[in-house]
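Visitor: Submitted below is the structure of interest, expressed as structure tokens.
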Amino acid sequence: MTGTPPPSRFPEQPIPPWRRAVLKVGSSLLAAAGGGLSPRFALDLAHFVSANITAGRQLVIVSSGAVAAGRALIPPLPESGGALAARQALAALGQAQLIALWQRFFDRPVAQVLLTHDDLRNRRRYLNARATLRELLHLGTLPVVNENDTVSVDELKLGDNDNLAAIVAALIDAQALFIATDIDGLYTTDPRHHPDAQPLHEVRTLTPEHLAMAGDSSSTVGTGGMRTKLEAALKAGAAGIDTYLFNGRSSDVVRGLAQHRLRGTRIHPTCTPIAARKYWLRHAPVEPGAILIDAGAAAALAQQGASLLPGGVLSAEGDFRRGDMIQIATRSPDHPPHPLARGLVQYSAADVRRIAGCHSRDIQPLLGYTYGDTIVHRDDLVLL
């Protein structure tokens, strides 16, 4: 569905407050007619990002466009992009151009983050990616994420950056996913062929019927259509994240977003972010082994919602690795270990044994490296 009916067909609606969000920008909004990249639509989107950062919010951009940028630097390839190796070469050539496009709009550092889905499926790499993005946001930089198309074979597929944007939104505990498209939002049918197509300004629950409405259309420069955007909304919704589809080619629409007004489609999540994360933490498979903690640490976790620090750790059982889901248990002289919580551990069992009972500032001297002050962060922990 790629028609562009008047924006007024989508009624204006308020956007609930959010603290952290992901903005996904597709190739069709960045590609220049004669090849390469154009700042035409990116400028309005940059104003949206800048206004929210100035207001104290945090944003990550997931941006396509590297392959489109690369095409302008070498002789033309067939419309399909040629062999996989050629597309990967185009991505390598164009990635620097893509980051340069975004950097020109901001007076703060823009950080390039290249990810594959393997980075986010592997628990240890997942933790590393999340820690990096959080630190970049903490430092006040603007992370710009893209698929690592140069080395990823399976990742060069339809709509991958749409899905990546949803995964990144969950990764950083975002409250909103904004997907900039070249159409106004979701319709009951393809408005290019059906003038009576009705706009859907709000979707409470995505259904197979909605996916069927979207079809599988895509632009000539990108690799995704409306269907993949709805699939991304499903992923985001399962993590408790609102998704907003809007026309990134409309200056009025983008300016409205900066004032928390949407003319487009809002897709509601299926649960709250906290409920989604806690459900996953509670039900994800647990690796063999456990961390045994003292009464003080147990009270801090149970009564104060604190993170697990090394000072309250007595010992570690088993051979778990960084990123594993492990059990946290209390131990006292008169009672056997009692399960208290479970969570994603930042250090391996061997490391936990070495730093058990020490102050967080001693982690670096003892191990020679550090993954942070906590053994299990409170965001990665759920009480039993």
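Placement of Cβ uses the backbone N, Cα and C atoms for every residue, glycine included.
Owing to the predicted nature of the structure, the values given are computational and were not obtained by experimental measurement.
The ATP binding site annotation in Swiss-Prot covers Lys24, Thr181, Asp182, Thr223, Gly224, Gly225, Met226, Arg227, Thr228, Lys229. Summarising the annotation, Swiss-Prot assigns substrate binding site to Ser64, Asp149, Asn161 and lists sequence analysis as the type of evidence. Swiss-Prot lists 288-370 with the feature domain 'PUA'.
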Visitor: Do you know offhand how many angstrom separate Asp182 (ATP binding site) and Asp149 (substrate binding site) by C-alpha?
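Guide: That comes out at 23 Å between the alpha carbons.
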Visitor: DSSP on the domain 'PUA' (288-370): how many residues come out helix, how many strand, how many coil?
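Guide: Helix (H, G, I), strand (E, B), coil: 28 helix, 28 strand, 27 coil.
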Visitor: Cβ neighbours within 10 Å, counted over all protein chains: which one of the binding-site residues Asp149, Asp182 has the most?
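Guide: Checking each of Asp149, Asp182, the winner is Asp149.
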Visitor: Can you name the residues of this chain that are 6 or more positions from Lys24 (ATP binding site) yet have a C-beta less than 8 Å from its C-beta?
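Guide: Listed in sequence order: Ile61, Val62, Ser63, Asn161, Asp162, Ala165, Leu177, Phe178, Ile179, Ala180, Ala232.
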Visitor: To the nearest whole angstrom, state the Cα distance for the pair Ser64 (substrate binding site) and Thr228 (ATP binding site).
Guide: 14
Visitor: Distance between Thr228 (ATP binding site) and Asp149 (substrate binding site) at the Cα atoms, whole Å?
Guide: 18
Visitor: So, in DSSP terms, is Thr228 (ATP binding site) helix, strand, or coil?
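Guide: Looking at the DSSP assignment, Thr228 (ATP binding site) belongs to a helix.
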Visitor: Going by DSSP, give the three-state secondary structure for Lys24 (ATP binding site).
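Guide: The three-state answer is strand.
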Visitor: Looking only at Cβ atoms, how many others are within 10 Å of the one on Thr228 (ATP binding site)?
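Guide: Result for Thr228 (ATP binding site): 25 neighbouring Cβ atoms inside 10 Å.
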Visitor: Taking just the CA atoms, what is the gap between Asp149 (substrate binding site) and Met226 (ATP binding site) in Å?
Guide: 21
Visitor: Substrate site residues Ser64, Asp149, Asn161: biggest Cα-Cα distance, Å?
Guide: 10
Visitor: Reduced to three states, what secondary structure does DSSP give Asn161 (substrate binding site)?
Guide: helix
